[in-house]
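A.B. asks: Got a structure for you, written out below as structure tokens; questions coming shortly.
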Amino acid sequence: MAGTETSSPPPHRLADLETLAKRKLPEHVYNYYRGWAGDGQTARDNCEAFKRYRLLTRVLRDVSKQDTAVTVLGSILDLPVVIAPTAQHSLAHDDGERATAKAAAALNVGMVVSSWASCSIEDISDAAPVGVRWFHLTLQKDVARNKALLARAEKAGCTAVVLTVDQPVARRLKRTGKLAVAPDDWSLPHMTFGDAPQRGTVSYGEYIYACMKQPITWDDVVWTKTNTSLPVVLKGILSAEDAEEAVRRGVDAICVSNHGGRQLDGVPATLDVLPDVVRVVGGRLEVYMDGGVRTGADILKALALGAKCVFVGRPVLWALAYQGEDGVRQALQVLNDELRVAMAHTGCSRISDITRKLLVRESCAGCHLTSKV
């Protein structure tokens, strides 16, 4: 576990945070957060995809003020950013998800609390009583446990439920050097129940995976919709066909995601498939995206291609490891500042001004630009 933060200068770019965090994290924890599937092609391409789109500046407009607020599932965010569901924040910092939630609330961005969190949803809500917070539900084989988790999420003030749908089988992460940590000694207050073996044993880790329902199907999506009054978000949609099915099943929102390249290597970058998903959905549900967002300009590009907001995962963990709650605040502030600058240069005073007309796409050959995106 990482210790508490020391006073350090704020990062100028999110891209610097990984290096700063690596200096503080144990190698096995860094490897876990950094991990990817296969050779890491998809994980890298998520970031590279943003470089394939260029911004067109618009001039002589009054952009003395920028309004970056957006409404997602009825909640107003001051920045179109949601902290993605990521596991075990206490491996990065002693305060774990409590620190992350405080930072998210301070800047009024959303946060999805993972089923794999090291702090319970109740402890997180006590630490940060205000803020837009959703619960990521890992479905269990035991239906009663799923109902209990949904009830806990609602009671703790969560305003949506997120299902990760792109993990049909357990995966093995790859990273140069040691493989990542196993859950044998994790604190998992949403994944352990009265019959759990003692933490720190191999049987504890086996118990965690044995209790999970894998794979989940569209019937499980319908079950979740039926058993909660909260909106349901599907995270892990890549194909237009699955997006259309989500509409048909009455889902409230989807997040275009390839799990940060941690599940199947060789799938497309999320930004590249986002336009097709948005086109098929046609405004019938909200569309978000994650994967590769590292700058405010990246946020603008994703919004220009139709995303309502973006999810940010690894950079938040790096910021947490770097300087705890303060580090996460700084990272979110960097995104805020960068987005405002990008909006000003592209002639946008509010989020609704951001359209596809602001983008040109680099050709496959890389030698010229085409306005068709």
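The backbone N, Cα and C atoms fix where each Cβ goes, and this holds for glycine too.
No curator has checked TrEMBL annotations; they are predicted automatically.
Okay, so TrEMBL annotates it like this:
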type	residues	note
DOMAIN	6-364	domain 'FMN hydroxy acid dehydrogenase'
BINDING	Y32, H259, R262	glyoxylate binding site
BINDING	P85, T86, A87, S114, T164, K235, S257, D290, G291, G292, V293, R294, G313, R314	FMN binding site
ACT_SITE	H259	active site, proton acceptor
A.B. asks: Between H259 (glyoxylate binding site) and P85 (FMN binding site), what C-alpha distance do you get in Å?
C.D. replies: 10
A.B. asks: Would you mind pulling the longest C-alpha to C-alpha span across Y32, H259, R262, which the record has binding glyoxylate, in angstrom?
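C.D. replies: So the binding residues stretch over 14 Å, Cα to Cα.
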A.B. asks: Which has the fewest other Cβ atoms within 10 Å: P85, G313, the binding-site residues listed?
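C.D. replies: G313, out of the binding-site residues P85, G313, has the fewest neighbouring Cβ atoms within 10 Å.
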A.B. asks: Just checking, which of H259, R262 (binding-site residues) has the fewest C-beta atoms within 10 Å of its C-beta?
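C.D. replies: Per-residue Cβ counts within 10 Å for the binding-site residues H259, R262 bottom out at R262.
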A.B. asks: On the 0 to 100 pLDDT scale, where does the domain 'FMN hydroxy acid dehydrogenase' (6-364) sit on average?
C.D. replies: 93
A.B. asks: Roughly how many angstrom lie between the C-alpha atoms of Y32 (glyoxylate binding site) and G313 (FMN binding site)?
C.D. replies: 13
A.B. asks: Among all the protein chains here, how many other CB atoms are within 10 A of the CB of V293 (FMN binding site)?
C.D. replies: 28
A.B. asks: Whole-number Å only: compute the distance from the Cα of G291 (FMN binding site) to the Cα of R262 (glyoxylate binding site).
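C.D. replies: With the alpha carbons as reference points, the distance is 11 Å.
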A.B. asks: Restricting to the chain of S257 (FMN binding site) and a gap of 6 or more, list residues whose Cβ falls under 8 Å of its Cβ, or answer none.
C.D. replies: D166, K235, G236, I237, L238, T270, M289, D290, G291, F311
A.B. asks: Ten-angstrom check, please: count other Cβ atoms within 10 Å of the Cβ of A87 (FMN binding site), all chains counted.
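C.D. replies: For A87 (FMN binding site), the count of other Cβ atoms within 10 Å is 22.
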A.B. asks: Translate the DSSP assignment of T164 (FMN binding site) into the three-state scheme.
C.D. replies: strand
A.B. asks: Quiz question: given the binding-site residues Y32, T164, G291, which has the greatest number of C-beta atoms lying within 10 angstroms of its own C-beta?
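C.D. replies: Comparing the binding-site residues Y32, T164, G291, the most crowded Cβ belongs to G291.
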A.B. asks: Determine, to the nearest whole angstrom, how far the Cα atom of V293 (FMN binding site) is from the Cα atom of R262 (glyoxylate binding site).
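C.D. replies: Distance (Cα to Cα, whole Å): 16 Å.
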A.B. asks: For T164 (FMN binding site) and R262 (glyoxylate binding site), determine the Cα separation and express it in whole Å.
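C.D. replies: That separation, Cα to Cα, works out to 13 Å.
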